[in-house]
Amino acid sequence: MELGNQTMITEFILIGFSQNLQICIFLFILFFLIYILTILGNGFLICTVIVSPQLHTPMYYFLCNLSFLDLCYSSCSVPKLLIDVLSEKRRISVTMCITQMNIGLILGGIKCMLLAVMAYDRYIAICSPLHYTLIMSWRVCRYITVSMWVGSLIFSSFPTISRPLVFCAENKLNHFYCEVLLLLEVACGDLSFYKISIVVVGFFTLLSPPVFIVGSYICIIISIFKIRSPKVGAKAFSTCASHLTVVFLFFGTTMTAYIGQTISFSPYLKYISLIYIVVTPVLNPFIYSLRNNDVKKAFRKLLSRY
């Protein structure tokens, strides 16, 4: 198709990581094992929480939501990555690329908000334990969940749905995934609307949640130091440490990748993207499980039934 004197692009070529056959086979095995562990780890965590009445609390409800998001987030990218690693052409249609980008933005936005909600949940549990069941009721939890999904769906997908991107320049993407900023680099026409939208969405998803999380944990740390019982304080700190590990791992790599692409795109940023797209979903269930005695006890009890 022609657009003025330029030809519209209907598919992209994802360059990926390497063309060397031995490296590609190694990467395929590595990513395949990571994907299987992601499914098993998050799947077992969800099943453990569902069948264990003692884990039917808001904290583990949101943890189940996080595991479900990690399953969806990983399944949005890794299967295509596995196909491309052993493929010579590594092609993806513009429609599929935009779809992958939108799904990633929606799920990523929900995850950012969910990590902030989980920090707020810990803040209420530690700083206002007597009012916890009243503030974090099941009705409130369900309302928060629906709000996150609807909000992320509207904010993240509105720009590309309202004004679809048109591509008529380079069709080679030096990446393994359809990142929004990378697609804007090869898009045609007036992109001011999309750039403003990215700033607005980035503020609500990448900047506001970390600020909220930091504020919540400052209050939590102050409250922990006021707790006279060392055992209770240690348990509270252990619970928060797991969440903080996930927060730093996810937001640290995500912000580095997106800010780096905004300043000056580097092909090495795709390796950072690999961490929050592929690695963090497999680590999250193990981070929460290994440092949480309640989950470990429930998991052992579940295994003893079989």
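From the backbone N, Cα and C atoms, a Cβ is placed for every residue, glycine too.
Listed features, source TrEMBL:
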type     : residues : note
DOMAIN   : 41-288   : domain 'G-protein coupled receptors family 1 profile'
TRANSMEM : 21-53    : transmembrane segment
TRANSMEM : 103-120  : transmembrane segment
TRANSMEM : 132-155  : transmembrane segment
TRANSMEM : 200-225  : transmembrane segment
TRANSMEM : 237-259  : transmembrane segment
TRANSMEM : 271-290  : transmembrane segment
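Over the domain 'G-protein coupled receptors family 1 profile' (41-288) the predicted model carries a mean pLDDT of 86. The transmembrane segment (237-259) and the transmembrane segment (103-120) are in contact, since at least 3 Cβ pairs between them lie under 8 Å (pairs 6 or more apart in sequence).
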